[in-house]
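The transmembrane segment annotation in TrEMBL covers 42-61, 100-123, 153-177, 198-217, 223-250, 361-382, 402-424. Marked as domain 'CAAX prenyl protease 1 N-terminal' by TrEMBL: 66-252. Residues or ranges marked as domain 'Peptidase M48' by TrEMBL: 255-488. According to TrEMBL, the feature Zn(2+) binding site maps to His351, His355, Glu433. Annotated active site per TrEMBL: Glu352, in sequence order. Annotation comment: TrEMBL describes Asp437 as active site, proton donor.
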Amino acid sequence: QSFLAKRHDPLNSVKFYLDKVIQTNKMALFSIDLDSYISPQYLLWGIIACTFVEYLFELYLNLRQNKVYRTAEKVPEVLRNTLDKETFEKSRDYGKDKNLFSTFSDAYSMITLTALLLCDGLFKGWELTDSMLSSIGVWPGGWNIEIGRSMCFIVIAMMFNTVVGLPLSIYSTFVLEEKHGFNKQTVGFFVRDFIKKILVSIIFMTPIVGLIVKIVQAGGDLFFIYLWAFSFALLMFFMTIYPVVIAPLFDKYTPLKDGPLKARIEALAARIKFPLTKLYVVEGSKRSAHSNAYLYGFFNNKRIVLFDTLIKGYIAEDSPAEDKKSESESSTKKEDEKGCNDEEIEAVLGHELGHWKLGHVVKNIVISQINLLFVFAFFAFFQKSSVLYEAFGFPRNSEKPVFIGLIIILQFLLQIYNTAMGYIMNVLSRLYEFQADQFAVQLGYGKDLKSALVKLNKDNLGFPISDPLYSAWHHSHPTLLQRLAAIDVDMAKKK
């Protein structure tokens, strides 16, 4: 009230504000206390309201896209010679089913999240860590108990998210993807995968959470800078070990055998001075029929990975003889005519290498790190506010766990900001895709790239028509029709 009474005098208002911050917290300008400006109840309901508004917007977009599925009955003119009516209808059905599933999963997530907030789920989860730590009795006496409880909390949170999300995962894999011919997982494969994901997450996440809490506790006023530096080091660490340590736990990677395709890729890499050291094929067909390719590695140790589903007629060398024979005999069937030929794969990699040559990965890392530093600074400003914890069920004057505060601020207080940043990154990603396509065209792959994009869209049952607003909000890549049109323009300029 005193602050509002002085708003007519700007200089006096600024002085009052600074004095209040200094008196409230020894961190002075590095911390802001929200307690005097908003009640816990208003904050909680404000967060729920923002979540509900975002859900309604997503529902509106889904309804718009569903209308496209219902009303777009003709194959686009540019695809008349490459996309048959039967595949067009199959892609429509797949799109409608995915849209319906997305609508349901959004509602499901909204209900569970609201229930979690109204039932003080974060506080109850934190309270559970005390009895959990006591029951297992492995935390050394004298050690920072908050670190131990935070490590227990992340395990509880991961298990809760796993249990809540499991029905959706099962339905998506064994009903939705199975219905449209994409799921290749058996129940046993799914269970093994599921267990491995949980174990890997726990093994890596628990010590990381402990280190985060320790950095905040020991970092002083500028802890957010140290936390950012730690996060950057962590990013580099996981970018290094994921492809060589974690990914092979879930899928089999084998070197691409010598032949025309390998020779083409190596020649392309040499042409643009890409320091290729390894070329792998991942057996993604054991999991899904969807196709992909990607690059990874630092400095002069770059690697390319092709999904086996991307390579037309690919048969793993260690496949049983009877499997090789049956696949060879059925290779002329229409349903097996999937994947790209060597020229098209080379064009696809011309696009992917364009991302590297144009520095898109580095630019994205820089942007994400700037954003992360801002987010951690925001956390530093507000993490001492009792109202944040009270809104989520913590009693007044109780402890303020660092990790809980991080969740509250990063996930809930910055919810609108995170949504806006997601949209901005999608816009930037679509720009990068156009640029990478243009790079491939400059290399002379325009015709083959167009053919590859059409085949991949057809193999993945991508519906070629999208609602403009839905696509702008959701898609990190331009639509097929947009890319084909842009490639035509780039090819015309090149002549």
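Cβ atoms are placed via backbone N, Cα and C, with glycine included.
These numbers come from a predicted model, not from an experiment.
Shown here: features listed in TrEMBL, placed on the structure.
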residue: His351; record: Zn(2+) binding site; contacts (Cβ under 8 Å, 6+ apart): Ala436, Asp437, Phe439, Ala440, Tyr445, Leu449
residue: Glu352; record: active site; contacts (Cβ under 8 Å, 6+ apart): Ala293, Tyr294, Leu295, Ile304, Ala436
residue: His355; record: Zn(2+) binding site; contacts (Cβ under 8 Å, 6+ apart): Leu295, Val361, Tyr432, Ala436
residue: Glu433; record: Zn(2+) binding site; contacts (Cβ under 8 Å, 6+ apart): Ser476, His477, Pro478, Arg483
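Same-chain neighbours of the Zn(2+) site beyond His351, His355, Glu433, judged by a C-beta within 8 angstroms of the site's C-beta center, are, in sequence order, Glu352, Gly354, His360, Tyr432, Gln435, Ala436, Asp437, Phe439, Ala440. The average per-residue pLDDT of the prediction over the domain 'Peptidase M48' (255-488) is 87, rounded to a whole number.
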